[in-house]
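Trainee: The following block contains the structure, expressed as structure tokens.
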Amino acid sequence: MLRIRRYRVFVAFTIIFVLTVFHFARSRDWSPAAESAPLVDLAESNGPPASAPDHDSTSSQHGFVPESPPQIAKPEAKKPEPEAVGGAGAAGATDSKLDTPPKTPPKDTSHISKPDKIDSTVQYGNSIPGILGPDFGPQGQGRLEVTLPDAPGRPEPHWRKFPEHFPVPSEKLIKLPTGQPNKIPKLQAQFAEESAVEQVARNQKLATIKEAFEHAWKGYKSNAMGHDELRPVEGGYRDPFLGWGATLVDSLDSLWIMGMEDEFVAAMEEIKKIDFTTSSRKDIPVFETVIRYLGGLLGAYDISGQKYRVLLDKAIELAEILIGAFDTPNRMPVMYYNWAPDYVSQPHRANTRVVLAEIGSLSMEFTRLAQLTKEDRYYDAIARITNELEKMQDNTRLPGMWPIQVDASGCKKAHRKSAQLPPLGKPEEAQGANVPSPPMPMRAPTDVESYMNYISPSHQKRDAESFVHEDTEPAVYDAVPTQTPVARAPVINEAGKSYCEEQGLASPPYSSSDRFGLGGQSDSTYEYLPKEYMLLGGLVDQYRKMYQRSMEVVRDYILFRPMIKDDRDLRFAATVTSTRPPAGKDDFDSLSYQYEGTHLTCFAGGMFAVGAKIFDIPSDMSLAAKFTDGCVWSYEATATGIMPEGFEVLSCENAASCPWNETRYNEVLDPHPEYRVKQAELVYEKKVKSAKQAQKDLEKPAKAPSHDQENQVAKRGVKFHGSEETTTPSKTVEDSAEPHASGVAMPDKPSVLSHEDFVKARIQDERLPAGFTKISSRKYILRPEAIESVFIMYRLTGDNYWREKGWKMYEAVSAYTRTELAHSAIHDVTSGAPLFLDSMESFWLAETLKYFYLLFSDPSVVSLDEYVL
Ligand SMILES: *[C@@H]1O[C@H](CO)[C@@H](O)[C@H](O)[C@H]1NC(C)=O
């Protein structure tokens, strides 16, 4: 959140803006704790199963409607995948236990069984199955909890500063813009005076929300102060973000905004204790650390009137460590930065697979720090990323947007042969060094020696390719990209040798397609464009251009209207996989669509609204309303009144008119009834065949039963009598259509569910709200994105609709997540009695509750014309 105090612009001429930063960054944490956190099981026998049923894919079979005229032809649908084996049991493939609600009401945590101890090995919280796709590889262990054993005398390594390997000469530093800031249009609506009655009602709501915040803060303070997260059910804490106190730092601005100044001041003492130079975790997830810690500190510093110097000092201390991640030949950051001196002292290269949102969402925090400290280095660091993104923007497989993963290494690897450079040892090794391998679970150290090994770079195989030779030269930043491949800046691979053909940001090596969207992994790259524009006083037009260009493509290719039962006109954002750039506006041949709704994407409503105002795109304001309303609708659709983390819907064929089409919906839920019938018949035939075979086996021993056979058969309970040679069973089954009384039972004829019944059964078993075709992730992890957009819509339009909807959302979230200690993520929003996941991410206090609070505070509190959220 950035404060723009325009008055000061006139008072202190040299300062173009004084801006307050505080968590503008929604936590792009697509690695929710809940993914790996143990499920808190209520009574073992009564509790629903932990995981939701996962049916086959039903996505991408239908039309797509671009937002902006003229209408574009529908893209070719992705081939539907065959339905799972059908038959009577198919609909029941879903665990029927899902229907059994636990006996305990959700709030009663009294007899929650103790969850297993958190596994201290790597937590792959990264991919939300079904939403992010399987191709999302080893990147981004944003959350990682490492618990070291108690070992007195264990050496405690600390980060140290080393000279940079690839410094930017001071005359080449990209400097903060100076000059008279451009006029940025007013964001907030004109609000009418409220009546006394209205004010009382509003203040009641405000007090309710504040009480919830106080409740959760108290739980954190008494159980987990100074640690990253509270365990809101069991008590105790977790440290998945280096153990520096993520919740503490992230929540400071909320404390201030809610008038809890005493708590804020007391928290300063805890802030002083943070030691950013060490952790039990070996790598710093740069993005998470920037948004939670650096953003939290700077935001708190600004909102408290820049009176608490410790906040800025700590921010600088942290930034000095983080800036080391940018010390690469092309100055693109290493996103998982090993802080140990052994590693820092070596040269590195950025990775070949970097999540777009991570590399694209560092700008605000570093910019704000540069403004506060007048250190251009911080601004230079992120301005180079912006420049690279700008260069790449029209050279992707969906020009105008950036792929969800990018190669930031600066080295082209696919054309190694054509560059006629020396081979790299055995081909397999060379190959192995370039193709990202699936993440290997790393064991947490259990003793002093293994801890030192763990921290030391020589044991970090997966980082091997990011090491570069000492003799690597810094990239020539100002040079026009050269056509001739140049080999320089060698990369050491596992074979010990490599080289570099320079390039800018690119698709990851050997990829044949790229994914594009606004969801997790790309979201805040787009979101930061208008915000960075505001932060820089409108002086860097680059951000406006990049935003406007990308939004053209978002409107044309990403946004769609979902088909729902009522005639509410909503918008969702699809994820598109592209194999090549479309040849023209009507060419959708290279694109395949996943029509999804995810909680993370809900930020986009607020983004469209802000973009509409500051860049004067009036039509985007109605788009913003439709998009935000899509999230509101997703909350309203479920049993709890809370939106699930991720699901799929159908896209309307025509955005202008989209009546509910039951036939179409049912077809998606049961796309191949004939196939189901056929499968059931095949299964039946097979069973009959094996039953017959079994019967035959029964007869054989009658002719010449060996001892073994006899024993075998005897085990089946069939008796033989007489001599070995001549005895036959008393009755041959072959002759009888009836199963033999003492023989093998013949299978029943299959009864296959009709299309209608199958669909009904699926809807019931999977608890699909009307319009949902699949729920890929059922949980709610206290995320802020939806309420954030509702809040922005309210402040920008003044329309009371958003307050009404926001209050309903608050009531639902509060009812189902509150624990004795604080609030917890829940496992299934479609269940009438969801279970707690015993996780409370820092964004609950830092963002979610803050937005609920600001929605009902007076619009002048944290006015969006003074602050950038
Ligand atoms: C409803 O969907 C079915 C199947 O996709 C289609 O054949 C039919 O034309 C649709 N009906 C209307 C009124 O659009």
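A Cβ is built for glycine as well, from the same backbone N, Cα and C atoms used for every other residue.
Checked TrEMBL, it gives:
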ACT_SITE  E288  active site, proton donor
ACT_SITE  D523  active site
ACT_SITE  E645  active site, proton donor
ACT_SITE  E785  active site
COMPBIAS  96-119  compositional bias 'Basic and acidic residues'
COMPBIAS  694-710  compositional bias 'Basic and acidic residues'
DISULFID  C602-C631  disulfide bond
REGION    41-124  region 'Disordered'
REGION    418-440  region 'Disordered'
REGION    694-750  region 'Disordered'
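In the displayed structure, how are the listed features positioned relative to their neighbours?
Mentor: Counting every protein chain shown, the number of other Cβ atoms lying within 10 Å of the Cβ of D523 (active site) is 28.
Under the three-state DSSP scheme, E645 (active site, proton donor) falls in the coil class.
In the three-state DSSP scheme, E785 (active site) falls into the helix class.
Taking Cβ-Cβ distances under 8 Å and a sequence gap of 6 or more within the same chain, the neighbours of C602 (disulfide bond) are T628, C631, M643, E785, A786, E788, S789.
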Trainee: I'd like the number of other C-beta atoms within 10 A of the C-beta of E785 (active site), please.
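Mentor: So the number of other Cβ atoms within 10 Å of E785 (active site) is 28.
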